[in-house]
Amino acid sequence: MPLQQIFFYGKLMQQCCNNMKNINGILNEIRRGGNRMTKARNALVELFYKEKTPIASAEILAKLAAKNIVVNRTTVYRELRFLLEQNIIIRSKLPDHRSFYELSALHRHHLICTRCKKIKGIVLNKHLEDQEKNIYKKEKFKVISHSLEFYGLCGKCLKSAA
């Protein structure tokens, strides 16, 4: 992919994420591609929008069921794949191969407890953005996306270990 296309893609991703700061922006982004808003798709988007932490794939069905939303497992995985392809959500994988998902517009980094497996999203300062700009200047490499996870023990697990 030529550098201009990569730069454009990065700008497009940034614009897309800026449009998805609220739930209506997310729904409009999906519709813009000529896609329908199915009951399952709408329920998943709403779930991801309201969640404050990344959601493990195994938790999604339980969270939907708790809201009296019945969606079969196959449909959930098909909709997750669709939302990933549309860059509405991002997937991260843990070393034990479990996946968790969150809205791409919320781009956070994660604290992952290696004992209880709790995942918490954190926002880092602008230093990473500055690093991406420096990478582009020095290496002529446009960063489109990155992933950063910190592994350790959460406060609760630290107390129980003492």
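Yeah, the Cβs are placed from backbone N, Cα and C, and that goes for glycine too.
Features of the protein shown, as given by TrEMBL:
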type	residues	note
BINDING	His107, Glu129, His146	Fe cation binding site
BINDING	Cys113, Cys116, Cys154, Cys157	Zn(2+) binding site
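Positions of TrEMBL features highlighted on the structure.
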residue : record                 : Cβ contacts under 8 Å, 6 or more apart
Cys113  : Zn(2+) binding site    : Ile119, Gly152, Leu153, Cys154, Cys157
Cys116  : Zn(2+) binding site    : Cys154, Lys156, Cys157
Glu129  : Fe cation binding site : none
His146  : Fe cation binding site : Leu128, Glu132
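According to its DSSP assignment, Cys154 (Zn(2+) binding site) is coil. In the three-state DSSP assignment, the secondary structure recorded for Cys113 (Zn(2+) binding site) is strand.
Close to the recorded Zn(2+) site, the chain also has Thr114, Arg115, Lys117, Lys118, Leu153, Gly155, Lys156, Leu158: residues not among Cys113, Cys116, Cys154, Cys157 whose Cβ is within 8 Å of the site's Cβ mean position.
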